[in-house]
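Chemist: Here's the feature list from Swiss-Prot:
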BINDING   THR236, ALA237, GLU238, GLU290, SER390  L-serine binding site
BINDING   ARG267, SER268, GLU269, GLU354, VAL355, SER356, SER357  ATP binding site
Amino acid sequence: MIDHKLIIKNIEEVCKKLILRNFYLDKKKILLQDQKRKILQIEVEKLQNKRNLQSKIISKIKINNKNIDIYKNKSNKINILLNEKKQKLKKIKKEIDNYLSTIPNILDEKVPIGKDQKNNIEVKKWGSPKIYNFKIKSHVEIGEKIKYLDFSRSAKISGSRFVVMKNKISYMHRALSQFMLNLHTNQHGYEEYYVPYLVNKNMLYGTGQLPKFYNDFFYAKSFFEDIQSCYALIPTAEVPLTNLMRNEIIDENYLPIKMTSHTPCFRSEAGSYGKDTKGLIRMHQFDKVEIVQIVSPENSIKALEEITHHAERVLQLLDLPYRKILLCSGDTGFSSCKTYDLEVWMPSRNKYIEVSSCSNTSDFQSRRTKIRYRKISNKEIHLTHILNGSALAISRTLASIIENYQTKEGNIKVPKILQPYMDGLKLIK
């Protein structure tokens, strides 16, 4: 969430910055709401002062054993009016918060201006796509041929956009998660967490998924029921990891906080009808290793480069060709002020596909979750900055390995870095 005071103070500048994201701020609405809030705030304060004055008068009269009925009646009328004004103030504040929750984050100055993904900028390429002397097969063809990917049985169980993995491919899927977690905990300084896969509405609001992306989730219960008994399956471990520090004040010397978790992720893929209905690319359920950093504001720019590098190391050690993309203003996610996507090479498609998204949310998520830190120098309390990254999406990484490491016979070579995690296995056939 953007700071309300910042919007009011610099409304023209904020409007211009939000237009870059294809978001048009309703200036009239937000200024009118703020004007109502100010008037009600003043009225409440005046009535509180009147009430306090009446209380003092009543106390003095009591001491002198005089009749206080007239003053009590006056005090009661003030209290009734005060409660009415408080309710109106509460209502207008709620309206302001509701509108603020629909406004995306302000972009970093270095984000390129553009309408959509066509205007994203490639900032780096690593590795070269292999040249094959045989006809390339897709990961679906290879997996089904060796009978280790079963989409027909998964459809029987759950419908489209699911998969049943077995035998050596299931083994590699597990090995990938172990490799990623070991890399991030042993070499990159993250602490591993096991987190709930069901979260309540407040957690999704805190990380910015709600209210904008309401239709993207699978719900265990309707959110129209009691808030504490309503759950959604997590779309990413970013949600529970970030909310671990919700409503907390962290001493500055404990920053940065670096967390990682391997979880299944659940997404309805609303708006993706007909796209990638078969395969490991766009599924309702997939596994991912997530990395999250909570840092002081002055370190968040550096932290984004670091978190992206940590995701890149996974691809480099797997020897998978990829490219690093800086998202333009029109393609940057709702909560993010700056995002890099990592896209891995898919031979059967002859193109790169997204396998990681690394974002700096600045103080957008921390304002919603009230995650703050106390400075060592002056004990002042400020909002933290929060960053997150996929490191990596396991199913898509697996699909890329199957295709990039395929042999003429339709087998799959095991990347060297994964062999120790698979009892030295070198070939899946």
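Glycine is no exception: its Cβ is also placed from the backbone N, Cα and C atoms.
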Chemist: For ARG267 (ATP binding site), which of the binding-site residues THR236, GLU238, GLU290 has the nearest Cα in space?
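Modeler: Checked the binding-site residues THR236, GLU238, GLU290; minimum Cα distance to ARG267 (ATP binding site) goes to THR236.
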Chemist: Starting from each candidate's C-beta and looking 10 angstroms out, tell me which of the binding-site residues GLU269, GLU290 has the most other C-beta atoms.
Modeler: GLU290
Chemist: Can you tell me how far the Cα of GLU269 (ATP binding site) sits from the Cα of THR236 (L-serine binding site), in Å?
Modeler: 13
Chemist: Looking at the binding-site residues SER268, SER356, SER357, SER390, which one has the fewest other Cβ atoms within 10 Å of its own Cβ?
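Modeler: Counting other Cβ atoms within 10 Å of each of the binding-site residues SER268, SER356, SER357, SER390 gives the minimum at SER268.
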Chemist: What other residues of this chain sit with their CB within 8 A of the center of the CB atoms of THR236, ALA237, GLU238, GLU290, SER390, the recorded L-serine site?
Modeler: VAL239, LEU241, SER261, THR263, CYS265, LYS288, VAL289, ILE291, VAL292, ASN388, GLY389
Chemist: Spatially, which candidate from the binding-site residues GLU238, GLU290, SER390 is nearest to SER356 (ATP binding site), comparing Cα atoms?
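Modeler: Smallest Cα separation from SER356 (ATP binding site) among GLU238, GLU290, SER390: SER390.
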Chemist: GLU238 (L-serine binding site): which of the binding-site residues SER268, GLU354, VAL355, SER357 is the nearest Cα neighbour?
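Modeler: Among SER268, GLU354, VAL355, SER357, SER357.
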Chemist: Looking only at GLU238, GLU354, which of these binding-site residues has the biggest number of Cβ atoms within 10 Å around its Cβ?
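Modeler: Result for the most crowded candidate: GLU238.
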Chemist: May I ask which residues of the same chain, at least 6 positions away in sequence, place their Cβ under 8 angstroms from the Cβ of ALA237 (L-serine binding site)?
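Modeler: ALA237 (L-serine binding site) has long-range Cβ partners VAL195, SER261, HIS262, THR263, CYS265, LYS288, VAL289, GLU290, VAL292.
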Chemist: So, in DSSP terms, is ALA237 (L-serine binding site) helix, strand, or coil?
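Modeler: Assignment for ALA237 (L-serine binding site) reads coil.
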Chemist: Through the lens of DSSP with three states only, how would you label SER268 (ATP binding site)?
Modeler: coil
Chemist: At the Cα level, what's the spacing in Å between SER357 (ATP binding site) and THR236 (L-serine binding site), rounded?
Modeler: 12
Chemist: If you measure every Cα to Cα pair among THR236, ALA237, GLU238, GLU290, SER390, the residues listed for L-serine, what is the largest value in Å?
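Modeler: Farthest Cα pair among residues binding L-serine: 9 Å.
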Chemist: How long is the line from the C-alpha of GLU354 (ATP binding site) to the C-alpha of SER390 (L-serine binding site), rounded to the nearest angstrom?
Modeler: 10
